[in-house]
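Copied over from Swiss-Prot, here are the features:
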- 15-339: domain 'SAM-dependent MTase PRMT-type' (DOMAIN)
- H28, R37, G61, E83, E112: S-adenosyl-L-methionine binding site (BINDING)
- E126: active site (ACT_SITE)
- E135: active site (ACT_SITE)
Amino acid sequence: MALLKKRKHERSEQDQEYFQCYSDVSIHEEMIADTVRTNGYKQAILHNHCALQGLTVLDVGAGTGILSVFCVQAGATRVYAVEASAVSQLASHVVTLNGMDNKVKVLNSPVESAEIPEQVDAIVSEWMGYALMYESMLPSVIYARDKWLKPGGIILPSAADLFIAPINDRVVESRLDFWNEVKGLYGVDMSCMRPFAHSCIMNKEMAVNLLSPEDVLSFPVRFASLDLNVCTQEEVRNLHGSFQFSCFGSSLLHGFALWFTVTFPGEKTVTLSTSPYGEETHWKQTLLYLDEEIQVEQDTDITGDITLSPSDVNPRHLRALLNYSIGGGLRRTKHFHMGT
(Lines of atoms letter the chains of each structure in order from A and count residues from 1; the text may use other names and numbers.)
(Lines give C-alpha, C1' and ligand atoms only; values in the text may rest on other atoms or scores of the structure.)
Protein backbone atom coordinates (compact mmCIF):
# COMPACT_ATOMS: atom_id res chain seq x y z
CA MET A 1 0.00 0.00 0.00
CA ALA A 2 2.84 2.39 0.89
CA LEU A 3 4.54 1.68 -2.46
CA LEU A 4 1.28 2.34 -4.33
CA LYS A 5 0.84 5.68 -2.55
CA LYS A 6 4.44 6.62 -3.36
CA ARG A 7 3.92 5.82 -7.06
CA LYS A 8 0.70 7.84 -7.16
CA HIS A 9 2.51 10.76 -5.49
CA GLU A 10 5.37 10.55 -8.01
CA ARG A 11 2.91 10.41 -10.92
CA SER A 12 1.07 13.44 -9.52
CA GLU A 13 4.33 15.40 -9.37
CA GLN A 14 5.18 14.37 -12.93
CA ASP A 15 1.74 15.46 -14.13
CA GLN A 16 2.15 18.82 -12.38
CA GLU A 17 5.52 19.31 -14.08
CA TYR A 18 3.94 18.45 -17.44
CA PHE A 19 0.98 20.81 -16.98
CA GLN A 20 3.29 23.59 -15.78
CA CYS A 21 5.10 23.49 -19.14
CA TYR A 22 1.81 24.36 -20.83
CA SER A 23 1.32 27.41 -18.60
CA ASP A 24 3.94 29.29 -20.62
CA VAL A 25 3.04 31.17 -23.79
CA SER A 26 6.02 29.86 -25.80
CA ILE A 27 4.68 26.36 -26.35
CA HIS A 28 1.25 27.66 -27.42
CA GLU A 29 2.85 30.20 -29.74
CA GLU A 30 4.90 27.43 -31.35
CA MET A 31 1.87 25.19 -31.85
CA ILE A 32 -0.53 27.81 -33.18
CA ALA A 33 2.16 29.33 -35.42
CA ASP A 34 2.55 25.87 -36.96
CA THR A 35 0.18 26.45 -39.87
CA VAL A 36 0.40 22.84 -41.09
CA ARG A 37 -0.83 21.64 -37.70
CA THR A 38 -3.43 24.33 -37.03
CA ASN A 39 -4.86 24.52 -40.55
CA GLY A 40 -4.89 20.72 -40.67
CA TYR A 41 -7.14 20.61 -37.63
CA LYS A 42 -9.27 23.50 -38.89
CA GLN A 43 -9.85 21.83 -42.26
CA ALA A 44 -10.57 18.46 -40.68
CA ILE A 45 -13.09 19.93 -38.23
CA LEU A 46 -14.85 22.13 -40.78
CA HIS A 47 -14.99 19.25 -43.28
CA ASN A 48 -16.84 17.31 -40.58
CA HIS A 49 -19.50 19.98 -40.16
CA CYS A 50 -22.24 17.51 -41.09
CA ALA A 51 -21.05 15.14 -38.35
CA LEU A 52 -20.73 17.95 -35.76
CA GLN A 53 -23.82 20.01 -36.60
CA GLY A 54 -25.97 20.40 -33.50
CA LEU A 55 -23.91 17.91 -31.50
CA THR A 56 -21.71 17.80 -28.38
CA VAL A 57 -17.89 17.71 -28.47
CA LEU A 58 -15.20 17.00 -25.88
CA ASP A 59 -11.86 18.76 -26.47
CA VAL A 60 -9.18 16.84 -24.53
CA GLY A 61 -6.20 19.02 -23.61
CA ALA A 62 -7.84 22.14 -25.04
CA GLY A 63 -4.91 24.50 -24.44
CA THR A 64 -5.87 27.99 -25.60
CA GLY A 65 -9.22 26.72 -26.88
CA ILE A 66 -8.69 27.21 -30.60
CA LEU A 67 -9.92 23.71 -31.52
CA SER A 68 -13.06 24.23 -29.44
CA VAL A 69 -13.71 27.43 -31.38
CA PHE A 70 -13.27 25.54 -34.66
CA CYS A 71 -15.84 22.97 -33.46
CA VAL A 72 -18.43 25.67 -32.79
CA GLN A 73 -17.69 27.20 -36.19
CA ALA A 74 -18.41 23.75 -37.64
CA GLY A 75 -21.83 23.73 -35.98
CA ALA A 76 -21.32 22.05 -32.60
CA THR A 77 -23.97 23.07 -30.09
CA ARG A 78 -21.87 22.42 -27.00
CA VAL A 79 -18.14 21.88 -26.41
CA TYR A 80 -16.47 20.80 -23.18
CA ALA A 81 -12.92 22.18 -23.34
CA VAL A 82 -10.87 20.30 -20.74
CA GLU A 83 -7.47 21.80 -19.91
CA ALA A 84 -5.45 21.00 -16.77
CA SER A 85 -2.92 23.84 -16.96
CA ALA A 86 -3.39 27.47 -15.92
CA VAL A 87 -3.79 28.45 -19.58
CA SER A 88 -7.42 27.32 -19.21
CA GLN A 89 -8.14 30.84 -17.92
CA LEU A 90 -6.90 32.26 -21.20
CA ALA A 91 -8.96 29.69 -23.10
CA SER A 92 -12.02 31.14 -21.35
CA HIS A 93 -11.01 34.61 -22.56
CA VAL A 94 -10.57 33.30 -26.12
CA VAL A 95 -14.04 31.75 -25.97
CA THR A 96 -15.56 35.00 -24.69
CA LEU A 97 -13.71 37.11 -27.25
CA ASN A 98 -15.21 34.97 -30.00
CA GLY A 99 -18.74 35.19 -28.57
CA MET A 100 -19.03 31.50 -27.72
CA ASP A 101 -19.62 31.55 -23.94
CA ASN A 102 -22.98 29.91 -24.37
CA LYS A 103 -21.52 26.99 -26.34
CA VAL A 104 -18.05 26.29 -24.91
CA LYS A 105 -17.55 25.32 -21.27
CA VAL A 106 -13.90 25.43 -20.18
CA LEU A 107 -13.00 22.97 -17.42
CA ASN A 108 -9.71 23.43 -15.55
CA SER A 109 -8.97 19.80 -14.76
CA PRO A 110 -7.14 16.72 -15.98
CA VAL A 111 -9.60 14.77 -18.10
CA GLU A 112 -9.34 11.83 -15.69
CA SER A 113 -10.95 13.92 -12.93
CA ALA A 114 -13.18 16.14 -15.08
CA GLU A 115 -16.91 16.26 -14.38
CA ILE A 116 -18.73 16.10 -17.69
CA PRO A 117 -22.48 15.69 -17.24
CA GLU A 118 -23.29 13.87 -20.48
CA GLN A 119 -22.06 11.58 -23.20
CA VAL A 120 -20.54 13.33 -26.22
CA ASP A 121 -20.88 12.82 -29.96
CA ALA A 122 -17.26 13.60 -30.81
CA ILE A 123 -13.82 13.93 -29.25
CA VAL A 124 -11.14 16.24 -30.61
CA SER A 125 -7.60 16.37 -29.29
CA GLU A 126 -4.15 17.43 -30.37
CA TRP A 127 -2.37 14.81 -28.28
CA MET A 128 0.68 14.03 -30.41
CA GLY A 129 4.23 14.61 -29.21
CA TYR A 130 7.65 14.11 -30.73
CA ALA A 131 7.84 10.62 -32.28
CA LEU A 132 4.06 10.63 -31.73
CA MET A 133 4.27 9.29 -28.17
CA TYR A 134 6.46 11.74 -26.23
CA GLU A 135 4.49 13.36 -23.38
CA SER A 136 2.11 10.40 -23.43
CA MET A 137 -1.22 12.25 -23.69
CA LEU A 138 -2.88 9.53 -25.75
CA PRO A 139 -3.94 7.52 -22.66
CA SER A 140 -6.06 10.52 -21.61
CA VAL A 141 -7.81 10.49 -24.99
CA ILE A 142 -8.50 6.76 -24.67
CA TYR A 143 -9.82 7.31 -21.15
CA ALA A 144 -12.18 10.02 -22.41
CA ARG A 145 -13.30 7.85 -25.32
CA ASP A 146 -14.14 4.92 -23.07
CA LYS A 147 -15.97 7.06 -20.52
CA TRP A 148 -17.87 9.68 -22.53
CA LEU A 149 -17.99 8.94 -26.28
CA LYS A 150 -21.35 7.69 -27.51
CA PRO A 151 -21.46 4.50 -29.60
CA GLY A 152 -20.80 5.51 -33.19
CA GLY A 153 -19.21 8.80 -32.12
CA ILE A 154 -16.20 10.21 -33.96
CA ILE A 155 -12.65 10.92 -32.84
CA LEU A 156 -10.54 13.63 -34.46
CA PRO A 157 -8.00 12.42 -35.48
CA SER A 158 -9.09 8.80 -35.74
CA ALA A 159 -5.85 7.08 -36.82
CA ALA A 160 -2.10 7.46 -36.45
CA ASP A 161 0.86 5.86 -38.24
CA LEU A 162 4.54 5.80 -37.29
CA PHE A 163 7.35 5.64 -39.85
CA ILE A 164 11.07 4.93 -39.74
CA ALA A 165 13.84 5.46 -42.31
CA PRO A 166 17.66 5.35 -42.36
CA ILE A 167 19.29 8.78 -42.68
CA ASN A 168 22.43 10.70 -43.44
CA ASP A 169 22.50 13.84 -41.27
CA ARG A 170 24.62 16.52 -42.91
CA VAL A 171 24.30 18.70 -39.81
CA VAL A 172 26.18 16.09 -37.80
CA GLU A 173 29.05 16.06 -40.30
CA SER A 174 29.15 19.86 -40.31
CA ARG A 175 29.30 20.02 -36.52
CA LEU A 176 32.07 17.43 -36.38
CA ASP A 177 34.08 19.03 -39.19
CA PHE A 178 33.92 22.37 -37.37
CA TRP A 179 36.61 21.23 -34.93
CA ASN A 180 38.98 20.54 -37.82
CA GLU A 181 38.34 24.04 -39.15
CA VAL A 182 39.09 25.98 -35.96
CA LYS A 183 42.82 26.15 -36.77
CA GLY A 184 42.07 27.91 -40.04
CA LEU A 185 39.85 30.39 -38.23
CA TYR A 186 41.95 31.21 -35.18
CA GLY A 187 45.34 29.51 -35.60
CA VAL A 188 44.59 27.02 -32.81
CA ASP A 189 44.39 23.29 -33.55
CA MET A 190 41.31 21.91 -31.77
CA SER A 191 40.85 18.76 -33.85
CA CYS A 192 41.20 16.74 -30.63
CA MET A 193 37.69 17.94 -29.75
CA ARG A 194 36.13 15.95 -32.59
CA PRO A 195 35.89 12.59 -30.74
CA PHE A 196 34.33 14.34 -27.76
CA ALA A 197 31.83 16.13 -29.99
CA HIS A 198 31.08 12.83 -31.70
CA SER A 199 30.23 11.14 -28.39
CA CYS A 200 28.04 14.07 -27.34
CA ILE A 201 26.07 14.21 -30.59
CA MET A 202 25.68 10.51 -31.37
CA ASN A 203 24.52 9.47 -27.92
CA LYS A 204 21.48 7.74 -26.47
CA GLU A 205 19.22 10.78 -26.39
CA MET A 206 16.65 11.12 -29.15
CA ALA A 207 17.19 14.34 -31.08
CA VAL A 208 14.59 16.53 -32.77
CA ASN A 209 15.73 18.13 -36.01
CA LEU A 210 14.46 18.98 -39.45
CA LEU A 211 15.54 16.73 -42.32
CA SER A 212 15.29 17.21 -46.06
CA PRO A 213 14.25 14.47 -48.50
CA GLU A 214 17.90 14.18 -49.59
CA ASP A 215 18.84 13.01 -46.08
CA VAL A 216 16.64 9.91 -46.33
CA LEU A 217 18.57 6.87 -47.58
CA SER A 218 15.70 4.49 -48.39
CA PHE A 219 11.94 4.34 -48.74
CA PRO A 220 10.38 4.74 -45.28
CA VAL A 221 8.62 1.86 -43.54
CA ARG A 222 5.44 2.17 -41.50
CA PHE A 223 6.14 0.18 -38.34
CA ALA A 224 3.09 0.94 -36.19
CA SER A 225 -0.54 1.96 -36.72
CA LEU A 226 -3.20 3.00 -34.24
CA ASP A 227 -6.96 3.03 -34.71
CA LEU A 228 -8.11 5.50 -32.07
CA ASN A 229 -11.63 4.15 -32.20
CA VAL A 230 -10.58 0.83 -30.68
CA CYS A 231 -6.95 0.92 -29.44
CA THR A 232 -6.42 0.10 -25.77
CA GLN A 233 -4.25 1.54 -23.02
CA GLU A 234 -2.13 -1.60 -23.12
CA GLU A 235 -1.55 -1.38 -26.88
CA VAL A 236 -0.24 2.19 -26.79
CA ARG A 237 2.24 1.43 -24.00
CA ASN A 238 4.42 -0.58 -26.37
CA LEU A 239 4.49 0.26 -30.07
CA HIS A 240 6.59 -2.33 -31.88
CA GLY A 241 7.37 -3.04 -35.50
CA SER A 242 10.01 -4.40 -37.83
CA PHE A 243 11.69 -2.84 -40.85
CA GLN A 244 13.71 -3.75 -43.92
CA PHE A 245 15.42 -1.18 -46.14
CA SER A 246 17.42 -1.22 -49.35
CA CYS A 247 19.65 1.86 -49.59
CA PHE A 248 19.39 4.22 -52.56
CA GLY A 249 23.14 4.76 -52.99
CA SER A 250 26.55 5.38 -51.44
CA SER A 251 26.37 7.43 -48.23
CA LEU A 252 27.23 7.59 -44.56
CA LEU A 253 24.47 6.21 -42.36
CA HIS A 254 24.19 8.22 -39.13
CA GLY A 255 21.05 6.63 -37.77
CA PHE A 256 17.30 6.51 -38.21
CA ALA A 257 14.50 9.07 -38.32
CA LEU A 258 10.99 8.68 -36.94
CA TRP A 259 7.92 10.64 -37.96
CA PHE A 260 4.17 10.22 -37.94
CA THR A 261 0.92 11.00 -39.69
CA VAL A 262 -2.55 11.35 -38.23
CA THR A 263 -5.73 10.97 -40.27
CA PHE A 264 -9.10 12.62 -39.74
CA PRO A 265 -12.33 10.92 -40.82
CA GLY A 266 -15.00 12.52 -42.96
CA GLU A 267 -16.32 12.83 -46.48
CA LYS A 268 -12.96 14.35 -47.40
CA THR A 269 -10.13 12.65 -45.51
CA VAL A 270 -7.51 15.01 -44.08
CA THR A 271 -4.01 13.77 -43.23
CA LEU A 272 -1.56 15.72 -41.12
CA SER A 273 2.00 14.59 -41.87
CA THR A 274 5.32 15.30 -40.15
CA SER A 275 7.31 13.63 -42.93
CA PRO A 276 10.54 15.21 -44.24
CA TYR A 277 8.87 15.00 -47.66
CA GLY A 278 6.15 17.42 -46.56
CA GLU A 279 5.92 20.93 -45.15
CA GLU A 280 7.79 21.68 -41.93
CA THR A 281 5.94 21.25 -38.64
CA HIS A 282 7.02 22.03 -35.08
CA TRP A 283 7.33 18.25 -34.52
CA LYS A 284 10.09 18.09 -37.18
CA GLN A 285 11.56 14.54 -37.12
CA THR A 286 12.92 12.49 -34.25
CA LEU A 287 16.43 11.13 -34.80
CA LEU A 288 18.09 8.04 -33.36
CA TYR A 289 21.84 8.21 -33.90
CA LEU A 290 24.04 5.12 -34.03
CA ASP A 291 27.24 5.05 -31.97
CA GLU A 292 29.28 5.27 -35.17
CA GLU A 293 28.39 6.31 -38.70
CA ILE A 294 28.51 3.44 -41.19
CA GLN A 295 29.22 3.50 -44.92
CA VAL A 296 26.40 2.04 -47.02
CA GLU A 297 26.16 1.51 -50.77
CA GLN A 298 23.37 1.11 -53.28
CA ASP A 299 21.12 -1.81 -52.30
CA THR A 300 22.74 -2.29 -48.89
CA ASP A 301 20.14 -4.10 -46.79
CA ILE A 302 19.22 -2.79 -43.35
CA THR A 303 16.90 -4.89 -41.20
CA GLY A 304 15.69 -4.71 -37.64
CA ASP A 305 12.91 -3.74 -35.29
CA ILE A 306 12.00 -0.93 -32.93
CA THR A 307 9.91 -0.59 -29.78
CA LEU A 308 8.62 2.68 -28.29
CA SER A 309 7.46 2.65 -24.68
CA PRO A 310 7.03 5.03 -21.71
CA SER A 311 10.00 5.69 -19.46
CA ASP A 312 10.08 3.76 -16.19
CA VAL A 313 11.05 6.98 -14.40
CA ASN A 314 8.40 9.24 -15.91
CA PRO A 315 5.62 7.72 -18.05
CA ARG A 316 5.23 10.99 -19.96
CA HIS A 317 8.77 10.57 -21.26
CA LEU A 318 9.80 8.14 -23.96
CA ARG A 319 12.29 5.38 -24.54
CA ALA A 320 13.15 3.40 -27.67
CA LEU A 321 14.77 0.03 -28.17
CA LEU A 322 16.39 -0.35 -31.59
CA ASN A 323 17.73 -3.63 -32.99
CA TYR A 324 19.38 -3.48 -36.40
CA SER A 325 21.68 -5.26 -38.84
CA ILE A 326 23.44 -3.64 -41.79
CA GLY A 327 24.48 -5.54 -44.89
CA GLY A 328 23.77 -8.87 -43.24
CA GLY A 329 26.26 -8.11 -40.49
CA LEU A 330 26.12 -8.46 -36.73
CA ARG A 331 22.79 -7.63 -35.12
CA ARG A 332 23.23 -4.63 -32.82
CA THR A 333 21.08 -3.09 -30.12
CA LYS A 334 20.86 0.46 -28.83
CA HIS A 335 18.63 2.01 -26.17
CA PHE A 336 17.42 5.60 -26.51
CA HIS A 337 15.50 8.01 -24.34
CA MET A 338 13.69 11.34 -24.59
CA GLY A 339 13.41 12.99 -21.20
CA THR A 340 14.45 10.99 -18.15
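Glycine residues also receive a Cβ, built from the backbone N, Cα and C atoms like all the rest.
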Widest Cα span across the S-adenosyl-L-methionine binders H28, R37, G61, E83, E112, in Å?
26
Rounded inter-Cα distance in Å - E135 (active site), E83 (S-adenosyl-L-methionine binding site):
15
Which listed residue (E83, E112, E126, E135) has most other Cβ within 10 Å, given these are recorded positions:
E83
Chain-internal residues near G61 (S-adenosyl-L-methionine binding site), provided their CB is under 8 angstroms and they sit 6+ positions away:
V82, E83, A84, V111, S125, E126, W127, M137, S140
Compute the average pLDDT of the predicted model within the domain 'SAM-dependent MTase PRMT-type' (15-339).
95
I'd like the number of other C-beta atoms within 10 A of the C-beta of R37 (S-adenosyl-L-methionine binding site), please.
20
In which DSSP state, out of helix, strand and coil, do we find E135 (active site)?
coil
So if I draw a 10 Å sphere around the Cβ of H28 (S-adenosyl-L-methionine binding site), how many other Cβ atoms end up inside it?
18
DSSP three-state call for H28 (S-adenosyl-L-methionine binding site): helix, strand or coil?
helix
